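The annotation ATP binding site is assigned in Swiss-Prot to Gly154, Val155, Ala156, Gly157, Ile158, Gly159, Lys160, Ser161. Summarising the annotation, Swiss-Prot assigns domain 'Pyrin' to 1-93. Per Swiss-Prot, the feature domain 'NACHT' maps to 148-471. According to Swiss-Prot, the repeat 'LRR 1' annotation covers 594-617. Swiss-Prot lists 694-717 with the feature repeat 'LRR 2'. The feature repeat 'LRR 3' is assigned by Swiss-Prot to 746-773. The repeat 'LRR 4' annotation in Swiss-Prot covers 802-825. The repeat 'LRR 5' annotation in Swiss-Prot covers 859-882. As annotated by Swiss-Prot, repeat 'LRR 6' applies to 916-940.
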Amino acid sequence: MASFFSDFGLMWYLEELNKKEFMKFKELLQQEILQLGLKHISWTEVKKASREDLANLLLKHYEEKKAWDMTFKIFQKMNRQDLMERAGREIAGHSKLYQVHLKKKLTHDYARKFNIKDQDSLKQKFTQDDCDHFENLLISKATGKKPHMVFLQGVAGIGKSLMLTKLMLAWSEGMVFQNKFSYIFYFCCQDVKKMKRASLAELISKEWPNASAPIEEILSQPEKLLFVIDNLEVMECDMSEWESELCDDCMEKQPVNILMSSLLRRKMLPESSFLVSATPETFEKIEDRIECTNVKMMAGFNESSIKVYFYSLFQDRNRTQEIFSLVRENEQLFSVCQVPVLCWMVATCLKKEIEKGRDPVSICRRITSLYTTYIFNLFIPHSAQYPSKKSQDQLQGLCSLAAEGMWTDTFVFAEEALRRNGIMDSDISTLLDVRILEKSKESEKSYIFLHPSIQEVCAAIFHLLKSHVDHPSQDVKSIEALIFTFLKKVKIQWIFFGSFIFGLLHESEQKKLEAFFGHQLSQEIKRQLYQCLETISGNKELQEQIDGMKLFYCLFEMDDEAFLPQVMNCMEQIKFVAKDYSDVIVAAHCLQHCSTLKKLSLSTQNILSEGQEHSYTEKLLICWHHVCSVLTSSKDIHVLQVKDTNFNERAFLVLYSHLKYPSCILKVLEVNNVTLLCDNRLLFELIQNQRLQLLNLSLTFLSHNDVKLLCDVLNQAECNIEKLMVADCNLSPDDCKVFVSVLISSKMLKHLNLSSNNLDKGISSLSKALCHPDCVLKNLVLAKCSLSEECWHYLSEVLRRNKTLTHLDISFNDLKDEGLKVLCGALTLPDSVLISLSVRYCLITTSGCQDLAEVLRNNQNLRNLQISNNKIEDAGVKLLCDAIKHPNCHLENIGLEACALTGACCEDLASSFTHCKTLLGINLQENALDHSGLVALFEAMKQQQCTVNLRGLRITDFDKETQEFLMAEKEKNPYLSI
């Protein structure tokens with residue numbers, strides 16, 4: 001079907017207007033063009049244009065979507081609702097056509113693609129409860145409205161794709177979202193990744209029933225679009241691109257990672273809605289970079305579902321209860337059973353062991369043990385004790401395939417990959433029969449492991465059996481590289497890989513491997529792992545990069561009572577996020593053996609706030625006590641960071657009791673985004689610790705009464721807090737009055753960060769305190785505080801009178817050139833003591849640089865100026881560079897990121913490099929510098945009198961010639977920040 005717009009055209013609509021209406025349309029059109037700041041069309045041309053001429057003029061001067069948007073807006077102003085409704089009916093026609101197509105696709109093609117074995121599950125009628133569940137998925141609990149971005153989190157195999165399929169099917173049948181969405185488009189990230197480059201229009205066209213997708217029409221109502229993005233983890237995009245790299249053109253081809261970032265970071269189609277499925281690890285990696293309005297968790301099987309499944313598999317009810325209790329008491333194994341296919345694996349594995357007359361307790365020791373038992377049983381006939389040579393070769397080939405997949409992020413394998421790793425065509429049917437492999441629905445003759453975790457354990461077995469140099473793929477790296485990659489969470493799809501390696505080193509697992517493969521394993525692997533852990537223990541920088549939870553699971557799976565304290569007593573800093581009860585158990589298991597810690601950073605999210613049955617709560621609190629015990633067992637612990645955590649009263653009291661212990665000598669306490677479901681006074685009792693020097697409460701909600709309690713502590717003579725950070729704590733202007741007494745009376749407080757609070761009217765109170773002769777504050781951060789014009793006069797007075805304030809950050813406020821002029825009036829005074837000024841994102845233009853230049857020429861104390869993300873342009877930089885060359889200027893660092901600069905300003909910058917004897921660093925990232933400009937900068941830096949280090953250049957932002965030039969310069973000077 002051709003596009004609705006090309007079928008009926010603008011002229012068709014304009015023909016519906018009478019002569020008087022047509023003239024009115026032209027007048028409103030001129031107003032609309034001016035208001036939108038669009039390319040001008042002369043009134044003479046518009047006035048004399050016929051309906052056909054005017055339609056052609058609009059389509060010639062503006063893109064089709066913009067022309068139609070303006071036309072519909074003018075129709076609305078003219079009260080021609082009938083024309084709007086007619087367009088809506090035509091658009092709805094396409095929507096209905098698409099719904100019919102989607103339903104057909106879901107019940108046929110997608111049933112295979114989503115690995116749904118029983119298509120009847122898609123043909124069943126949806127109940128009202130089903131529909132309510134789907135609708136609620138896209139309703140925010142906080143606002144009750146439709147959110148723009150919903151993340152559906154869940155581990156692999158939990159059923160996310162099936163849930164999305166059913167939701168789309170319900171929409172295609174007209175049962176949900178009928179007044180909300182005209183179109184729902186499904187993008188499978190496996191398919192998107194294969195495309196390498198694509199436009200959004202291309203992705204939509206692939207989903208359309210024929211070759212002529214009405215793209216302009218579909219995109220004309222972006223608020224009526226829902227994009228379902230499935231398996232985001234496959235894309236491996238971290239959303240870290242600069243804003244300038246993102247794209248807002250739906251028709252433009254981009255690398256698919258850029259396209260995905262542009263959609264999810266709301267650069268493209270910000271009015272549309274998104275439902276995104278991903279693993280928890282993926283969401284954790286990108287949550288700070290996207291505006292996610294809702295997060296939904298898919299929990300999988302609950303306890304009763306797991307119990308029902310076990311009872312359906314075992315005949316003896318008493319024996320079943322025994323087996324289920326064994327699983328339920330092992331929290332790690334119980335968590336595995338929440339994934340349906342893994343629940344089947346665990347249950348069938350235990351059943352086989354019982355049938356063979358073995359004790360199931362031993363294989364439930366750790367999950368590594370259960371996985372290896374399950375896999376080895378697949379290759380050993382029921383009546384045999386040992387596998388055949390063929391079975392050994394098949395498993396060895398399978399493990400080689402798994403390792404290649406883990407290192408290349410491959411989870412769907414073509415037959416060629418199987419052959420490359422020693423799996424013969426004749427072996428495939430056997431591997432399918434035992435259900436360790438399944439046919440993939442992605443493409444013909446391709447295969448997947450039953451579950452990604454089975455691929456991980458097979459890959460781990462490969463590394464225990466052979467060296468990476470024996471693998472047919474060079475992508476497979478050493479055991480050392482594996483461990484560091486796992487512990488640093490470089491590859492987010494590696495969930496168990498590293499911990500399985502450690503688990504396989506347990507004596508019982510070594511015996512199983514040796515029995516299956518018929519030869520003794522080398523102890524070299526164990527030595528290499530020990531060496532890795534020794535490297536970590538002796539390297540503070542490396543410890544900062546290690547994910548504590550990954551390390552804990554490795555040590556837990558290894559289950560070596562002698563080795564555990566050796567490792568833990570070498571750690572000086574640990575950071576971890578516990579997301580469930582299992583995580584807390586494993587963290588407690590390791591941390592109670594640690595006595596050398598200096599810094600601990602933790603998050604327990606909602607685990608310690610949820611109401612649970614009594615026995616569960618008691619066990620959880622015991623584990624939490626063991627976690628907190630590190631605060632008293634480690635005699636040198638100075639830093640505690642608690643983030644993104646909700647505490648009930650009992651849980652907080654456990655932490656409180658350890659922090660109040662006399663041997664706890666904290667100097668730094670950070671409590672960020674923490675909610676106390678108890679009396680907040682307990683928190684403020686903690687900060688009365690006289691050893692405390694830094695307190696960070698940012699992102700933690702503080703009531704007015706909380707602020708009073710905080711300031712009461714700060715006003716105490718015994719308080720030694722030098723640095724206070726209360727950014728984004730929901731502070732109000734009235735709270736500023738409470739801080740007045742602290743600023744005047746405290747002789748210790750030197751740094752105060754109040755950023756991201758709405759303080760506008762409170763600045764007058766703060767300023768009076770800052771002007772007081774007893775105020776000793778040195779650093780003040782007021783970034784993103786919604787400051788208005790009046791505030792600049794108050795702060796100007798502070799800069800004139802305060803003789804201790806050396807750093808001021810007022811970034812992300814509407815300072816503008818006028819406000820900057822007021823501040824610069826104070827900064828040009830000869831007795832100004834300010835050393836550092838940050839005015840990023842302050843709407844400063846070229847004009848404001850005149851006042852900054854005057855400051856640089858007169859203020860000999862200013863060393864650091866951060867002016868990034870202001871449109872100062874080349875002319876503004878010229879003014880600054882001329883001032884930097886002045887003998888009175890002692891500037892050392894300047895930040896000019898994203899200042900709309902071009903290569904034309906580089907000569908001025910180069911000149912300042914060679915004339916200013918104090919300038920050490922300049923950041924120019926996110927500016928459109930060209931080859932000749934960069935050559936000029938690097939030539940200047942080669943001069944003997946130049947001390948400047950250029951920062952922020954990213955090689956990939958330039959053309960090939962410039963990239964080669966930068967690489968050559970980097971080779972000459974490895975210290976360059978490129």
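Note that Cβ sites are derived from N, Cα and C of the backbone, with glycine treated the same way.
Those same-chain residues not listed among Gly154, Val155, Ala156, Gly157, Ile158, Gly159, Lys160, Ser161 yet with C-beta within 8 angstroms of the centroid of the ATP site C-beta atoms are Ser277, Met298, Gly300, Val339. Cβ neighbours within 10 Å of Lys160 (ATP binding site), excluding its own Cβ and spanning all shown chains: 22.
Of all Cβ atoms in the protein chains displayed, 21 besides its own lie within 10 Å of the Cβ of Gly154 (ATP binding site). Helix, strand and coil content of the repeat 'LRR 5' (859-882), in residues and according to DSSP, is 10 helix, 4 strand, 10 coil. Across the repeat 'LRR 2' (694-717), DSSP assigns 11 helix, 3 strand, 10 coil. Its Cβ taken as reference, Val155 (ATP binding site) is surrounded by 21 other Cβ atoms within 10 Å in the chains shown.
In this structure, of the binding-site residues Ala156, Ile158, the smallest number of CB atoms within 10 A of the CB marks Ala156. Computed over the repeat 'LRR 5' (859-882), the whole-number mean pLDDT of the model equals 97. All protein chains considered, the CB of Ser161 (ATP binding site) has 22 other CB atoms within 10 Å. Helix, strand and coil counts from DSSP across the repeat 'LRR 6' (916-940) read 10 helix, 4 strand, 11 coil.
Every protein chain shown contributes to the tally, and the Cβ of Gly157 (ATP binding site) ends up with 19 other Cβ atoms within 10 Å. Helix, strand and coil counts under DSSP for the repeat 'LRR 4' (802-825) come to 10 helix, 3 strand, 11 coil. Across the range of the repeat 'LRR 3' (746-773), the DSSP-based residue counts are 12 helix, 3 strand, 13 coil.
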